[in-house]
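A.B. asks: The following block contains the structure, expressed as structure tokens.
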């Protein structure tokens with residue numbers, strides 16, 4: 001038993017406040033940032049901010065594990081494609097590993113009771129996460145601690161419960177008041193941060209999940225998406241997306257205009273001849289002057305000529321809504 005703790009640190013205001021409270025309590029704190037495929041931060045910025053507070057930063061990258069959970073979350077999804085309970089349990093598991101590695105006694109988080117509708121909506125969910133991570137009574141939440149049962153660090157006298165807070169709900173006023181009290185002037189504007197909570201991105205990624213294409217998740221934010229049978233066609237909207245998609249030319253069936261500048265596209269699965277024709281019509285729809293399309297597939301190419309661009313109503317039927 002000691003006063004060493006690991007704080008799950010996101011760089012947001014809540015975790016920053018929790019860190020300041022912990023330091024004011026005289027705790028020896030190390031920070032852990034957990035990077036997922038859909039939640040990333042600039043490591044140098046985090047490091048620079050924490051160095052000012054003399055706090056060591058650890059980074060855990062858990063993309064493979066996270067993608068596995070996304071395919072079949074034990075506790076389901078939130079409003080969009082966010083497996084918040086499973087994600088939180090996984091983060092606590094990582095924190096527990098680091099805690100044991102460096103000899104820390106407990107975990108600190110910036111969680112606020114009832115702030116988020118899924119993972120923090122009630123005490124039962126919060127305590128469930130602890131139990132599944134085998135961290136019962138070892139997770140201190142300084143911002144909401146007085147609304148929760150005392151943790152072991154409090155019961156053992158390591159942490160003074162009277163110096164903790166009773167914040168709950170989605171209002172940011174209490175946190176902003178604390179930031180002013182602690183002379184914290186620079187912090188991120190409040191936002192979920194995780195792309196999976198954003199309807200636009202979640203709707204796109206769901207097709208990757210349904211079509212067993214999750215390994216290509218990095219393309220979820222690229223281009224226009226069209227669901228064609230059990231395949232997904234991605235069409236570039238601008239030059240930077242053209243360059244990204246062109247990098248996959250030797251991996252997927254790739255389409256580009258032949259006779260004049262235009263867009264390009266890829267299928268994420270092997271396509272049939274009819275699908276190739278349809279993809280070519282879509283490419284022509286977004287290429288004003290082009291009359292023909294080249295398809296590169298398995299080292300060979302096929303030229304599609306004398307095609308009319310797809311009709312607008314058919315195009316919209318195939319497009320993935322954003």
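Backbone N, Cα and C define each Cβ position, glycine as well.
Just so you know, TrEMBL annotations never went through curation; they're auto-generated.
According to TrEMBL, the protein has these features:
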DOMAIN    3-143  domain 'Thil AANH'
DOMAIN    223-291  domain 'NFACT protein RNA binding'
A.B. asks: Which residue counts does DSSP yield for the domain 'NFACT protein RNA binding' (223-291) in the helix, strand and coil classes, in that order?
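C.D. replies: Grouping H, G, I as helix and E, B as strand yields 21 helix, 18 strand, 30 coil.
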A.B. asks: Can you break down the domain 'Thil AANH' (3-143) into helix, strand and coil residue counts using DSSP?
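C.D. replies: For that range the per-state counts are 59 helix, 27 strand, 55 coil.
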A.B. asks: If you average per-residue pLDDT over the domain 'Thil AANH' (3-143), what number do you get?
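C.D. replies: Averaging the confidence scores along the domain 'Thil AANH' (3-143) gives 92.
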